[in-house]
Every structure is written in structure tokens, then in C-alpha cells.
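Student: First the structure, which I've put down as C-alpha cells, then a few questions once you've had a look.
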């Protein structure tokens, strides 16, 4: 994820990893942000 205004927190809706806040990635099966292993 990225640090930008409006970034999605845990379980926020997303289409891609860049929609999520830092340390979060988009889980495409559920279209929500969750912890990214990286």
C-alpha cells in the first residue's frame, strides 16, 4: 500500500494494492485491504 490521502485501512475496499495504506495489500479475492507480508 501507499501513504496518501484517502488510502484504505484494514478491510477497506480496494481494487489494487495502491488503494491501501502502508503495510496493507489488496486481497483481490475479497477486494479488501489486509496485512501485506512485505
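Each residue, glycine too, has its Cβ placed from N, Cα and C.
According to Swiss-Prot, the feature disulfide bond maps to 7-21, 14-26, 20-33, an assignment based on similarity to another entry. Taken from Swiss-Prot, the feature serine amide applies to 38.
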Student: Residue 21 (disulfide bond) to residue 14 (disulfide bond): how many Å between their Cα atoms?
Tutor: 10
Student: Which ones, of the disulfide-bonded residues 7, 20, 33, have a Cα no more than 10 Å from the Cα of residue 26 (disulfide bond)?
Tutor: 20, 33
Student: Closest of the disulfide-bonded residues to residue 7 (disulfide bond), Cα to Cα, picking from 14, 20, 33?
Tutor: 20
Student: What number of additional C-beta atoms lies within 10 angstroms of the C-beta atom of residue 33 (disulfide bond)?
Tutor: 24
Student: With an 8 Å cut-off on Cβ-Cβ distance and a minimum sequence separation of at least 6, pull the same-chain contacts of residue 20 (disulfide bond), or say none.
Tutor: 1, 2, 7, 8, 9, 12, 14, 26, 33, 36
